[in-house]
Amino acid sequence: MEPIPINAPDSVRNLKLLQWVRETAELCQPDSVCWCDGSVEEYDRLCNEMVASGTFIKLSEQKRPNSYLCRSDPSDVARVEDRTFICSIRRQDAGPTNNWVAPKEMKATLNKLLAGCMKGRTMYIIPFSMGPLGSHIAHIGVEITDSPYVVTNMRIMTRMGRAVLDLLDEEAEFVPCLHSVGAPLEPGQQDVPWPCNDTKYIVHFPEERSIVSYGSGYGGNALLGKKCFALRIASSMARDEGWLAEHMLILGVESPEGEKDYVAAAFPSACGKTNFAMMIPPGEMEGWKITTVGDDIAWIKQGKDGRLYAINPEYGFFGVAPGTSEKSNPNAMATLHANCIFTNVALTPDGDVWWEGMTDTPPDFLIDWQGKPWVPGCERPAAHPNARFTAPAHQCPVIDENWENPDGVPISAFIFGGRRGDTIPLVYQSANWYYGVYLAATMGSEKTAAAAGKIGDVRRDPFAMLPFCGYHMGDYFNHWLHVGRTLTDPPRIFGVNWFRKDENGKFLWPGFGENMRVLKWIIGRVHGRAAAVESPLGWMPRYESLDWRGLDGFTRDKFSTLMSVDREAWKQELFSHEELLEKLYDRLPKEFTHIRELMLSTLWRSPEHWELAPERYTAEH
């Protein structure tokens with residue numbers, strides 16, 4: 001059999017890359033090989049080819065210029081955590097929160113599946129940079145794929161193409177990412193709009209710094225720069241090299257006086273991360289501005305001044321569409337005006353898109369995400385609950401001026417929070433870095449109707465990284481503690497909970513843009529200006545410490561309820577941490593045991609129901 005020509009451009013100098021491409025072509029047997037240059041012409045050509053093949057639908061140029069709708073196979077609509085593997089050399093290094101198979105065994109399985117898997121298809125080679133080109137915080141990857149959907153989405157989500165190849169000299173390191181939909185075509189066989197395979201594997205080899213994904217064309221499983229590289233592999237790199245790869249938004253906060261701070265925040269899914277990253281402050285808080293650096297992932301390295309600096313390694317937003325509206329996130333809606341790819345949303349008769357929550361009243365008629373006619377009241381969603389938009393980040397009207405700064409932005413505070421209807425107060429500042437790491441390690445959200453288990457049960461999601469940490473979670477906690485010890489000026493750590501409810505099940509806090517009031521207090525604490533009260537959990541704002549302009553109906557009593565600490569509920573909360581901590585026991589930081597005991601001791605000494613009012617239990621700072 002003749003070797004498949006790889007047609008490498010003359011500019012490709014990296015010997016490891018050339019060897020890997022040759023080996024992959026021999027294994028996967030594509031009909032042709034295409035080196036992606038990242039040009040507009042290439043993007044337009046691939047989009048037009050997918051329109052012709054039925055994969056893409058061109059949206060109205062008047063309503064949504066240069067944008068496309070794609071419908072996936074109904075079996076391929078989300079990340080598949082049960083088919084996601086961390087194949088470290090030693091099982092114990094993957095830890096109990098990850099699926100593990102021995103690397104040798106997994107490679108044998110994958111090689112059988114990959115043999116001939118690209119027959120009848122084009123093999124695309126996508127050189128991409130996670131982070132601004134040339135940044136000391138950035139890292140380069142190369143994805144090989146047989147999916148033009150992946151190529152077009154990667155052009156929006158990463159800096160990709162010829163400029164990245166130019167950075168890869170003979171010896172430069174890169175992360176190899178191999179992806180196939182696992183649907184070879186025999187000569188003359190008709191393709192389907194969304195090829196995929198029932199057998200799926202998303203596999204990470206942390207010591208080799210490599211990724212293989214087979215069988216799925218969906219975003220998180222196929223856009224390998226995102227969760228696979230930017231979190232699972234990068235978190236393993238970060239542990240070895242002394243930095244942090246985190247599932248965090250990054251935003252800028254500017255005061256009326258022009259003082260600028262940057263904050264990174266981690267929330268589990270369905271807790272409003274993108275909304276927070278693009279928040280619009282209440283009109284009464286004139287002069288305060290929020291800018292967006294990133295909405296999903298942060299790579300954070302130490303600067304020469306002993307502070308932490310973060311970049312958003314991505315170049316676009318891959319957001320959940322349902323629930324996004326002019327009311328909940330007007331900046332996201334403005335970002336979606338053009339040049340986007342929409343996956344599994346509904347199509348309107350006039351060639352635009354729609355999803356649940358976009359408007360109060362749905363249109364009279366739609367074509368749903370499966371291509372079927374849809375009318376209001378037909379008892380099925382028009383858009384899939386995990387429908388997505390892929391949008392260029394530079395289109396965001398509040399994108400931060402430093403979002404592409406190769407040195408990153410200095411982080412003043414970390415914020416952690418889950419969705420909790422009781423127990424957890426609106427906001428509190430941890431006593432120190434160690435308490436803050438414990439706070440983040442034990443955070444969680446109540447299970448919703450969509451998740452297995454009893455509604456109201458708390459699913460622990462440490463640092464919002466449970467599905468994304470590429471090594472043992474106990475080692476991850478230790479790594480955070482170690483990073484804190486090396487900093488001369490560490491960010492302050494805060495816990496928040498926008499979702500506490502009253503006795504009638506109604507949210508106590510209005511959320512959305514009103515969260516700016518809490519953020520203003522956090523920034524005040526960072527600079528030592530805002531007053532706080534010592535509580536059993538850490539430092540909390542007094543009623544007078546928050547800016548209430550424009551929220552006149554929010555009474556002192558309501559705020560007191562929102563901030564209260566119930567001794568019995570918190571004892572149960574601390575005892576409930578045991579399930580997660582026991583699972584990680586052999587590698588759990590010893591500090592955690594002491595912190596838990598100290599918190600219990602503080603609770604024993606506090607009143608049965610701690611509130612902000614009683615002066616004898618408070619100390620102003």
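Keep in mind that glycine also has a Cβ here, set from the backbone N, Cα and C atoms.
GTP binds ALA270, CYS271, GLY272, LYS273, THR274, ASN275, ARG388, PHE512, GLY513, GLU514, ASN515 as Swiss-Prot records it, and from the list ARG307, ARG419, ARG420 the residue named for this site is ARG419. Take the Mn(2+) site that Swiss-Prot assigns to LYS227, HIS247: the candidate from ASP191, ASP198, ASP295, ASP296 listed for it is ASP296. Take the substrate site that Swiss-Prot assigns to TYR218, GLY219, GLY220, SER269, ASN386, ALA387, ARG388: the candidate from ARG71, ARG79, ARG529 listed for it is ARG79. Remark: PHE512 (GTP binding site) has GLY272, ASN275, MET279, SER328 as non-local neighbours, by Cβ distance under 8 Å and separation of at least 6 in sequence. Cβ neighbours within 10 Å of ASN386 (substrate binding site), excluding its own Cβ and spanning all shown chains: 20. DSSP classifies THR274 (GTP binding site) as helix under the three-state reduction.
Here the Cβ of CYS271 (active site) has 22 other Cβ atoms within 10 Å, regardless of which shown protein chain they belong to. Using CA atoms as reference points, the binding-site residues ARG79, LYS227, GLU514 were checked against CYS271 (active site), and the closest is GLU514. Ranking the binding-site residues ARG79, LYS227, HIS247, ARG388 by other CB atoms within 10 A of the CB puts ARG79 at the bottom. Listed binding-site residues near LYS227 (Mn(2+) binding site): GLY220 (candidates GLY220, SER269, ARG388; Cα-Cα distance within 10 Å). Comparing the Cα of GLY220 (substrate binding site) with the Cα of every entry in ALA270, ASP296, GLU514, these being the binding-site residues, the smallest distance points to ASP296.
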